[in-house]
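Peer 1: I grabbed these lines from TrEMBL:
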type	residues	note
COMPBIAS	585-596	compositional bias 'Basic and acidic residues'
DOMAIN	24-58	domain 'LRRNT'
DOMAIN	378-412	domain 'LRRNT'
REGION	581-620	region 'Disordered'
SIGNAL	1-22	signal peptide
Amino acid sequence: MWFATLLSLAWVVLMFPSLAQSGKCPRVCSCDAKTLTVACTGKNLTSVPPTINEITVKLDLKRNNLGELERGAFSHTLYLTHLGLQGCRIHTVREGAFRGLTRLVQLDLAYNNIEILHQESFDGLTSLKQLLLDRNRIEDIRPGAFSQLGSLNLLSLPHNQLTYIPNMAFQGLLTLQTLRLNHNSLNHLETEAFASLLSLTHLSLSHNELQFFPTATMTRLVALTHLDLSFNPMTFLGEKSVSMPRLTHLSAAHMALQDVSAAALALSPLLSRLDLSHNQLHYLQPLTGPVQLQSINLAANPVWCTCVLLELRAWARKGGVRLLGDCAGPPHLSEEPLEAVLEKDLRCRRQNGGIKEEVEEEERLVVVTQAEPKKTENCPENCLCQPEAQHVSCENRGHTKVPRVFPNNTHLLDLRGNHFHYLPGNSFRGVPEVVSLHLDGCKIHEVEAGAFRGLKGLMYLYLSNNQLSSLDLDAFAGALQLMYLHLDGNRLTHFPSAATLSHTPNLLELHLERNLISKLEPAGLLQPVPMLRGLYLTNNNISTVAANALDPAPNLEILHLGDNQLTDVQSDALGHCPTVRRAPALRESDSLDQAKDVSGSGRKSEAPVPGSTGPKEDGS
């Protein structure tokens, strides 16, 4: 690809030597006649300068204020191979905006405000190899949006607002090799979503909201070798769920896995590396299917090193499979590497009597591994219970009260679309293993103290689109493991108090979009949640941010303040937030010239954009 680009550059210089030497350069830009490069970064430009040399090959326009890309916006620079438009506050790409750029190989549109990809937004980019759309607001991909990009190798869409992928969304991308969809809100993939991606080898779906492995969708990816599904709320991998004949690397880390079927990978014979770290697995059965498996990462799982582990160890040794991770117990083997523990120590009873608690725990685990799946018990009336999937759905069933009983092994509880109005204390007793709880759109206006007490494993709580105007100080008492809290689409007038958040010390993401919050005060709002990575406050009525309101926030990476009433943000509002990457402060109609730099330096902010997202893999 790069050799072809050099040839193109040489051809342009030979064909137009006078133009290359003419020194034609816009006043606000810097130009290099030798490399045919023009840089007009951070100049508050509202349109593409018309006086750019027409033989320019590389054009960098990042951190400007272009807003909308009209049809034929680059019709006077038809020799471009690289175009950088990061952080230009672009919200609309009109049909034919890039038409004529048949030599363009890289287009960087990261850190903008694009919401929809229309059918012919990228019409004419027949040579494009890399399209970077990271950190926009994309929530919809229209059919045919990429149909003209027949040469594309890399499509990058992390940190957008996608919730589902429709059928044939990527039609026309016959040469695409890498697709990044991480850090979205995907909860559903249509069966034919990836059907046209016949050359795709690398797919990242990490940091989304997929609750089940999308088996039917993934089987269409006949060439895929690397799949990253980490940080999704899946609780199990069922029999033959991963059916991918060429898959070699699978990451299922940082999920909520409590069970992996022995036949989960039966139809993925080439798998060589499996990452199951940071889950809730007490044990793992020998896996059937993969004949080239080299390693299984079980780090940060509560693996109990008893006789239950003997079969896995024997299977791994016979197949040359490395078992990475440490024992969580019994106490005398705690933190012992799985591969270092001696077989004579993997027993379910001490030879000389032993500790009563250890024996009881070991026997309990043996029973768990050998027991047949339980029949459905305690299934509420008018609900669907799937004991093997540990899933209960009572969605849109007209319930006015939370049912009193559920199967006690329930991991995913879906109660959205009912009419509860309020949640009394101890509403969910008897289901301590629930990991994901959906209460979206239930007309809830009050959550009493201790409503979620007993949900010791709860990680995902969805209270979106209800009628909450305030939160009890102890509303989340007992939900100490909560990591993702969705309160968007309510009527909250104040930011959750420190007392309320003190019950959620492990919180990673807090969604408060579409509420009625008017102020961020007092200082130290996030002090109870030091692990918080993402704070979403779009579409409120925020007009004031107090000094140090969000300080300390040592791990905060994403801050969304768009579509509020802010006209400026004080330089000390964030205090010390060393990892914040995106903090859109104002409404689109306001000028960011009025806003202070949110990092605390006091400089005026063009847009919080790094130099370039580049073609490298997104590791955030």
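The backbone N, Cα and C atoms fix where each Cβ goes, glycine too.
Automatic, uncurated: that is what TrEMBL annotation is.
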Peer 1: Quickly jot the same-chain residues contacting the domain 'LRRNT' (378-412) by Cβ under 8 Å, restricted to those at least six beyond its ends, or write none.
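Peer 2: Contacts of the domain 'LRRNT' (378-412) (Cβ under 8 Å, skipping residues fewer than 6 from its ends): 211-212, 233, 235-236, 238, 256, 258-259, 418-421, 423, 427-428, 430-436, 438, 457.
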Peer 1: On the 0 to 100 pLDDT scale, where does the domain 'LRRNT' (24-58) sit on average?
Peer 2: 95
Peer 1: Could you give me three numbers for the domain 'LRRNT' (24-58), the DSSP helix, strand and coil residue counts?
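Peer 2: Reading the DSSP string over the domain 'LRRNT' (24-58) gives 0 helix, 7 strand, 28 coil.
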Peer 1: What is the three-state DSSP composition of the domain 'LRRNT' (378-412), stated as helix, strand and coil residue counts?
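Peer 2: The composition, in the requested order, is 0 helix, 7 strand, 28 coil.
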